[in-house]
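*Asks:* So TrEMBL lists these for the protein:
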BINDING   Asn30, Lys31, Met32, Asp33, Asn102, Val103, Gly104, Lys105, Ser106, Ser107, Gly154  GTP binding site
DOMAIN    95-163  domain 'G'
Amino acid sequence: LLSSAHIPLSGRNPMLQEALGIRPHILVLNKMDLADPCQQPVSAGAGLTGGPRVAAGRAAVTALLRVSLQIVPLVAKLVGDSPRYHRAESTEYSILVIGVPNVGKSSLINSLRRLHLKKGKATAVGGEPGITKAVLTRIQVCEKPLMYLVDTPGVLPPKLGDVETGMKLALCGAIRDHLVGEDIMADYLLYTLNKRQQFGYVQRYGLAKACDDIEPVLRRVALAQGRTQKVKVLTGTGNVNVTMLNYPAAAYEFLRDFRAGRLGRVTLD
């Protein structure tokens, strides 16, 4: 079960947790480099009383490889210690990788394969949800023990508990931007950064001080990134092309900076 460390609670589908039941499973917290380091110990143990083991990972390649070293022996031990799933006649392991969209399931599989088999990537990855569209065939990631992983599409619950959970998922890329609206997401992001006293955006965009109005922030983003558009204006003497700031593009850049960690390390839950 894979989840993002900056949404350790909102980023976990309760229906998937219920389906796991007593089956041996591991919770991997990915993208630790984007989470607030002061809240990581809380995130790592959230909701795991007496249940699955935890391996905390992050998006950086070297750190993800370190986490990959923990997963294979941990899986072998969990399955071996579980009488229900111990099969003496079968020595191979088949593992399902599940989680909400865009948390790094395919990246984790490719990392395990690269580490243990010295092979290239076997499944496509991307920075937006929906890259993996179907349950794929088994992908070998280790020789000793013989272990296969199955990549799956991200699954969200059919109904989110509240609007704020949906906004957190959207900010982290689990929901496509256009379904929510980049301008709405940017406004909520600014509110969240101010609420958590994360003012990295002030220095990055050259603002005089923190503010709670998204319009001046997006104006500074548009000016800094050169996000402009030409608009035709009807006048008495004919059409005139006027260059204006492109606020939707600026909102998208604001979101991209947050997702890349350029506005500071923030845990949304």
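Here the Cβ of each residue, glycine as well, is placed from N, Cα and C on the backbone.
All annotation found in TrEMBL is predicted automatically rather than curated by experts.
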*Asks:* What mean pLDDT does the predicted model reach across the domain 'G' (95-163)?
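*Replies:* Mean model confidence (pLDDT) across the domain 'G' (95-163) is 74.
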*Asks:* Let me know the largest Cα to Cα distance in Å among the GTP-binding residues Asn30, Lys31, Met32, Asp33, Asn102, Val103, Gly104, Lys105, Ser106, Ser107, Gly154, as an integer.
*Replies:* 21
*Asks:* Specify the count of other C-beta atoms within 10 Å of the C-beta of Gly154 (GTP binding site).
*Replies:* 21
*Asks:* Just going by other Cβ atoms within 10 Å, which of the binding-site residues Asn30, Ser106 has the emptiest spot?
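*Replies:* Comparing Cβ neighbours within 10 Å for the binding-site residues Asn30, Ser106, Ser106 has the fewest.
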*Asks:* What is the total of other Cβ atoms whose distance to the Cβ of Met32 (GTP binding site) is within 10 Å?
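*Replies:* Excluding its own Cβ, Met32 (GTP binding site) sees 22 Cβ atoms within 10 Å.
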*Asks:* Relative to the Cβ position of Asn102 (GTP binding site), how many further Cβ atoms are located within 10 Å?
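*Replies:* Summing over all protein chains shown, Asn102 (GTP binding site) has 26 other Cβ atoms within 10 Å.
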*Asks:* Enter the number of other CB atoms within 10 angstroms of the CB of Gly104 (GTP binding site).
*Replies:* 22
